[in-house]
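Quick look at what Swiss-Prot lists:
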type	residues	note
ACT_SITE	Arg149	active site
ACT_SITE	Lys173	active site
ACT_SITE	His247	active site
ACT_SITE	Arg250	active site
ACT_SITE	His273	active site
ACT_SITE	Tyr282	active site, O-(3'-phospho-DNA)-tyrosine intermediate
DOMAIN	2-87	domain 'Core-binding (CB)'
DOMAIN	108-295	domain 'Tyr recombinase'
Amino acid sequence: MSQGEAWADAFLEMMAVERAAARNTLTAYGKDLEDARGFLSRSGHDLHDADAETIEAYFQDLGARGLSPATAARRRSAVRQFYRFVLGEGWRTDDPSRRVAAPKAGRPLPKVLERDEIERLLAAASAKDSAQGLRLACMIELIYASGLRISELLALPLLALARDPAYLIVKGKGGKERLAPLNDAARAAVKAYLVERPAFLPKGQKDSPWLFPSRGATGRLTPRRVGQLLEDAAIAAGIDRQKVSPHVLRHAFATHLLEGGADLRVIQTLLGHADIATTQIYTHVAGEHLAHIVQTKHPLGRKKG
């Protein structure tokens with residue numbers, strides 16, 4: 001898998017879990033990015049290293065192909081949204097789809113939560129001292145302890161955690177199963193939540209097969225609702241709410257492991273990545289994160305001039 005393909009996969013995953021994009025939308029965007037990659041490959045480029053001139057040439061090519069205006073507009077939109085995502089993740093310093101380079105001084109930082117921010121987020125969730133607070137704390141602990149995708153978290157059956165296991169069996173992309181470890185903090189959070197879980201059961205039901213049931217139409221929590229709850233907790237914790245999402249918690253799991261010296265292949269297995277190229281994204285994110293810490297926290301790094 002090339003770097004461009006890995007970035008495209010990460011973008012589509014974000015669209016699925018954070019924006020709850022419909023399957024048809026994800027399929028269309030996947031084809032749009034594949035179309036762009038096909039054009040870029042003719043000049044020896046891919047999505048990760050394309051320059052503004054090449055992207056502009058691609059946009060002009062869309063207009064010359066005789067595509068319907070709606071299709072051409074959607075493909076431009078897909079590419080622009082992709083590069084906004086890449087810029088926001090800190091994987092590039094510019095947005096070639098808009099011919100505007102971000103100045104070095106204002107380079108966006110990778111969306112990585114510090115360890116103390118994770119603790120503040122958990123404290124804000126637990127401070128509610130309610131069933132909702134315990135549920136949110138449980139979800140945060142599970143994602144941060146095991147690197148679960150939000151779709152994997154919300155698909156967990158109650159039986160998966162009913163007996164206080166040290167590991168979860170997670171069914172990921174393509175139906176592939178993997179083992180996800182649980183630390184003591186996550187197991188304690190699950191125990192505390194299970195006591196309050198009946199408060200979330202649909203009316204008229206004595207139980208639900210899901211670990212995180214809901215009274216909504218689906219019978220279980222949705223990714224969008226989890227995102228809203230995390231944003232509320234971020235505000236309460238004094239953290240930029242745009243910096244917090246289920247996907248970013250998964251990022252934090254991987255980045256903090258890498259910074260702690262974990263092998264990249266181990267992280268690949270824990271995240272359920274089919275290709276190591278997808279996991280290698282985190283080596284860049286971790287490097288940027290550590291450089292920022294040195295620049296802002298080290299006494300010499302803060303000196304000007």
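FYI, residue positions are counted from 1 along the chain as it appears here.
Cβ atoms are placed via backbone N, Cα and C, with glycine included.
The CA atom of Lys173 (active site) is located 9 Å away from the CA atom of His273 (active site). Note on the domain 'Core-binding (CB)' (2-87): DSSP counts are 66 helix, 0 strand, 20 coil.
In this model, the domain 'Core-binding (CB)' (2-87) carries an average pLDDT of 89. Taken residue by residue with DSSP, His273 (active site) is part of neither helix nor strand, so it is coil. Cα-Cα distance from Tyr282 (active site, O-(3'-phospho-DNA)-tyrosine intermediate) to Arg149 (active site): 16 Å (rounded to the nearest whole number). Note: the Cα of Arg250 (active site) and the Cα of His273 (active site) are spaced 13 Å from each other. Its Cβ placed at the centre, Arg149 (active site) has 21 other Cβ atoms within 10 Å. Sequence-distant neighbours of His273 (active site) (same chain, 6+ apart, CB under 8 A from its CB) are Thr279. Note on His247 (active site): other Cβ atoms within 10 Å of its Cβ, all shown chains, come to 20. Taking CA atoms as the reference points, His247 (active site) and Arg149 (active site) are 7 Å apart.
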